[in-house]
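Reading through the structure tokens given below for one structure.
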Amino acid sequence: MLPSELVKYKEKSQKIIALTAWDSISGSIAEQANVDLVLVGDSLAMVCLGYKSTLPLTLENIIYHTNAVSRGFKKSIEEQPLVVADMPFLTYQCGEDKAVEYAGRIIQSTYAKAVKVEGAEPEIQKVISRLIRMGIPVMGHIGLTPQSYLNLGLKKQGESLESQEKIKKEASILEKLGCFSIVLEHIPELLAKEIQKNLTIPTIGIGAGNDCDGQVRVTADLLGLNDDQPPFCQPIIQGKNLFKEKLKKWVDSERLN
């Protein structure tokens, strides 16, 4: 799937479903679950690599894991989900030229068809515009932006009228710049609904209510594999406890043999 095909989902009022993946197994499972989009998110820094935030993730990390995810796909190229790779911290905040170089490496070196960029500050707008002009599709990301947690924290965004107006303006700007879709993270449901109505490109929500054009979740959160669950993601199973119990039974059984 190409980014341009994803835009048509909104035109057809077809819900977009996305999951994160970080290796060939999680990529394979996401594909077999028939998701439309696989995000190789910088959340893998915590889910897979054991860091406390997304900030330590490097360009080399995202390239390595994006390739691993794609190797898990079994369907034909035409039937595979769209792969979007996060641009890690300081790969796009370092100026337009470097951002193009780093995003270009991701697209050249992996099967990703687009990159995701957090924020919509004036400097970021210039980067996004340049990337799109250079032929690199960009997914925007506003609301809670984890790479900015040192300044903004991890609290819900869009609670005040001023913050709501800011987020609505950012969404409009990102569409005008040429983003093919926008992630709305941890914002009020009514705000997300208003943004969805005002845009012609898909909005993909995470902790933003059910009125977005699509939903994305961190797979490890959804499967209950993490100790710290975000408030907006209810796990569908308690995977960590389940796997731990099953493995402990096996270990205890083997010790008796």
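Any Cβ shown, glycine's included, is placed from N, Cα and C.
What TrEMBL says about a protein is an automatic prediction, not a curated fact.
Lifted from TrEMBL, the feature list:
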ACT_SITE  Glu185  active site, proton acceptor
BINDING   Asp42, Ser43, Asp86, Lys116  3-methyl-2-oxobutanoate binding site
BINDING   Asp42, Asp86, Glu118  Mg(2+) binding site
Cβ-centroid neighbours of Mg(2+) site Asp42, Asp86, Glu118, 8 Å, sequence order: Gly41, Ser43, Thr54, Leu57, Met87, Pro88, Phe89, Lys116, Val117, His141, Pro146, Gln147
Inter-residue Cα distance where the pair is Asp42 (3-methyl-2-oxobutanoate binding site) and the residue listed as 'active site, proton acceptor', in Å: 14
Lys116 (3-methyl-2-oxobutanoate binding site): secondary structure state under DSSP, collapsed to three categories: strand
Pairwise Cα distance for Asp86 (3-methyl-2-oxobutanoate binding site)/Glu118 (Mg(2+) binding site) [Å, integer]: 9
Asp42 (3-methyl-2-oxobutanoate binding site) versus Glu118 (Mg(2+) binding site) - Cα distance in angstrom: 11
Protein Cβ atoms within 10 Å of Asp42 (3-methyl-2-oxobutanoate binding site), excluding its own: 28
Set of same-chain residues at least 6 away whose C-beta sits under 8 angstroms from Ser43 (3-methyl-2-oxobutanoate binding site): Thr20, Thr54, Pro146, Val218, Ala220
